[in-house]
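What TrEMBL records for B:1-102 is domain 'HPt'. Feature annotation from TrEMBL assigns domain 'Histidine kinase' to B:287-527. Marked as domain 'CheW-like' by TrEMBL: B:529-663, B:685-815. The feature domain 'Response regulatory' is assigned by TrEMBL to B:830-943. What TrEMBL lists as phosphohistidine is B:His45. Taken from TrEMBL, the feature 4-aspartylphosphate covers B:Asp879. For B:233-277, the entry in TrEMBL reads region 'Disordered'.
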Amino acid sequence: MSESLQMRSRLLTCRVAEQWLALPVEQLSEVVTAQMKTVIPLAPEAVNGLINLRGKILTELDMRKILHIDPDQNQNDYRTIIIESDGIENFGLTVDAVGEVIDMDTDAFERTPESLGTNWKKICHGVLKQEKRILILLDVEKIIQMSMPVTES
Amino acid sequence: MDEELLAEFLTESNENLSSIEEELLKLEADPGNAETLGAIFRVIHTVKGNCGFLGLQGLEKVAHAGENLLGKIRSKGYHVDGDMVSLLLENSDAIKTLIAGLEENGVEPVLDFSDLCVRLSAAERLIDLDGAASSEQQEAASDQLDSVAAEDVSDALAWLEGLSENAQALLAGAGFSTPESVLDAGFEQLRNIDGLKPAEALKILGLAKSRKISKEKTAEPESIVEVQETVELQEQAESEPEPPQPVPEKSEPEEVTAPVAVQREQEKPVKATRKPSAESSIRVDVALLDELMNQVGELVLSRNRLLRLVGQSEQSDLVRTCRNISQTTTLLQEKLLHTRMQPISTLWSTVPRLLRDIGKQLGKKINVKMDGQETELDRTILAAMKDPMTHIIRNSCDHGIELPALRQQKGKSEEGTISLSARQESGFIMIDIHDDGGGIPADKIRNKAVSMHVITEEQASKMSDKAALQLIFHAGLSTAEQVSNLSGRGVGMDVVRSEIEGVGGTVEIDSELGSGTTLHIRIPLTLAIIPALIVSSSEQHFAIPQMMVQELISIVPASDDWEYVAGRSFYRLRGRLLPIQFLSDALGLQASDGEKCTVVVINVGEHQFGIGVDGILGAEEIVVKPLGLHFQHLDLYGGCSILGDGMVVPILDCVGLTKELRQGHDAEIIKADREDVTAAASEDSQYILVFSLGDKWYAIPMALVERIEEILPDSIEASGRREVLQYRDQVIPVLRLAELLDVEPIEQGEIEPCLIIADQGRRLCIQVDEIVDIVQQKLEIHLDSSEDCFLGTAVIDGRSTEVIDIFEVIKKAIPNWFNSSGDRRKRQQRILYVEDAIFYRNLVLPALEGLGCEILLARNGLEAQEILSHHKPDLILTDLEMPEVNGFELAEWVRTQPAIASLPVVSLSSLEPSDIGARSELFQACVKKFEREVLLDELTRLLGRKPRDKGVAKAVIDAEVVNHDAIAGGGE
């Protein structure tokens, strides 16, 4: 994903805990409600399980788990964003809620601020400053990296 | 370069070239065969022609050189020798290398084959020479073929290649430096040159002639080709008004569009195969087939779901339509699976070439025999089998087949033979690779394994030869004394095993010293859609591929049969210790505290393991899908699938699941191995199958029963006056025990419980009313029966039970069943059978009679001595513990009697080998009671007969349900 393309794209906003995030729409195919999932024993921490999306088996990753945020006990209407991006296998990413699709405002783009939490920093490649909030631009590849099992070697 | 054109060229060339080695070897065997030569020529010619068109210069050059040589061979009717074929093989290799490079990178690789081209043209000249000069010179020239080739062609005297430098100098000195001048001068003048031998003069003349001819030809190098084409196309031309000359090459690609068809019809004239083959088959992209396969996989899943939904429906129309869809889907799936299948000959076609090369390298003569080439396999499996096959064959050549001199010494033919055979057997492909070499000494492997600390001395001494041989698959074990560059690096056989296991197969080795080694490979037909067992553990569902499953058993956790060795759980299953891996432990799940525990017995390689699960949910056909990135580090899973209800289910990889059991606990496993079992069930106690007919209970020893089946009444068919059942590709007779014993049967239920009895490769089905239980106890016959079909009465579970003499029953119903394949000899062999217990006598006698032997019976050692003073049997079979004179005493006595001292004596007792100890030296074999197959094997061996055919009675493969409790409950 080159920076220039990122600048021109449209973004889907979503929320994890109190933080709003943004993801380029080119990298996702749809957003679905909570799916039946199969828990796979011994799977990495961040993996919720496997879901069956119309005959396709996808790995469902949990944003909260990736970011080491405690699960919200009251939350059961989470959304799963289906990520379909070139060069990466398709997977589902659960977030607390999705917002709207917005146009990328290149003027509002800023590099990742130092003040951001460590875990957030690991999955973002910049922020968008809006009137009342800061949108974190998600980097799909970094999310995958974060979710991978810790290799022992 | 036009990419589409290039792709077309690559596919076509690969197809054409795939057969060229075979053709070349055929040509070597039959050098005069113009048809074979023509086929080879056409392949190279087509490649060359296409190269020119695509501008692939390097390739064209190599192909052209080969074509020229082939053209020369053809036009001169030259009979090729081994060297020439080697050269041509090298040429086709070079072409293949270039094409492979082209395929990979899309551009022609820069490789220098000028050396090869020089040798090819040198060979061409050699053939010319052959026409002009004597054969003696040809040989001389042939020897020089390789050495001269490296010399520079641009040299002015290049045409004199093949001549000694001295001769070249003499020639130059005499002023003959060009072919023309030599030709003008003639033979007489050349002979007069001082120092030039007549033979050399002749050779020079030949070279000059050929040089001149080739120069004349350069203007029209393909003249030969076209003449040939014209001839071939003449018949076609009769029906086609189009003149053949402008299209000589057009027909070539057409011919090869269907390589399989062409290969099969090779015997027929070429013309006849052209049209039909082009019309009846088309080329399809493999990726497209794979995609289709995926879609059909989805269809199968949807179908399963649909059937489940419709199952509850009342609408008959809907149900019917669904059945149709279901049927069509099944057919579609089968047909599509078939498109992915390729005959194993595609894999084996490279073997003759491989053997030729290895043979040359090792100085051995090796033949290949193939059987069942048409057996089809899924292409992915086929691809996975390529390396293991090659490695095994290399090994067989290197370590197996002896050098010709040694073979002669041993009285074998100089040429070694590698036999490949393939056949389909109940959903699996069995491949045997046999060599008639020296065999593998089991002791050598034992010693090696001990020195490598793979096993301990003690284990080694207890291990059977067969078990020891399997150690060859252990990582780091190679018995080659000298490490050759073919094999012996010690990384081979374990890789072979892991690769075969990777596609769900197994491999076993069998070897007989002096007469050869056989590797038995068993691989599944296809991997795309597999039957699987759905199991549950800690509320979760998992799939286990059915092909790994041997049987299912249901155990009470508190049972006495559990053993704990070194922190591991074992279950004593029919006298053997079965290592158990609880699924919940392996997966780190909270174990559920269910009362019962179900164990799935699986086969991994030559070992059996039990997987402890909470329950079995059923069997389902599943489509194997890969797991994502996040699971690549887990070798417990082989993939995942979607069940009929839409749930995703992980597929367990039994090999990975039992890895720990197999690696860390070799000792326990070896201990638990069938042949080395030391902790068998307590003396004399055995498994007894109890069943009912009418309201009475009957029993037979479980050892006689191969399987318990529940059969639908419909599947029992009438054949003449008999009833038969189709069972594992066999038609086996069905006996209704109630009828035979004249008992009133209970009313027929939904299913008929049947016992499958196997004897010497034949099977028989015995229908009973109900299976009551399988109990383990000492079978004491309290009341010997006078009736034929009963051995007597025993008390089982406090209830008196008739013990049936099943062999007597069979004999009564089908008198010739035992003898139908018996090994009849002119003189009947005699066995003296010494046994005091009537129960065992009745059990063993039919088996002995089955061998077609006359039986002399003695009730104890004393009676036996009496008989032996009058008769001389071929073999003595004796119990050990008997009144008067026991078995040991009898054997000792036999050894002291000169007339019979050398007779084979076999002991048949319930004693463990350890109990017999050193005294086992008295016997040629010690067999345990109820090991019927072992007994028959030993007797057959000791009677000097051919080994029994055990092809059919091998272990059963798919799930065998022996659910004690359910059976006891009398239901399903």
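Backbone N, Cα and C atoms are what each Cβ position is placed from, and that goes for glycine too.
By the count of Cβ pairs under 8 Å, the stretch nearest in packing to the domain 'Histidine kinase' (B:287-527) among B:1-102, B:685-815, B:830-943 is B:1-102.
All protein chains considered, the CB of the residue listed as 'phosphohistidine' has 24 other CB atoms within 10 Å.
Comparing the residue listed as '4-aspartylphosphate' with B:His45 (phosphohistidine), their Cα atoms are 76 Å apart once rounded. Along the domain 'Histidine kinase' (B:287-527), the predicted structure has mean pLDDT 81. When DSSP labels each residue, the domain 'HPt' (B:1-102) comes out as 88 helix, 0 strand, 14 coil, counted as helix, strand and coil in that order.
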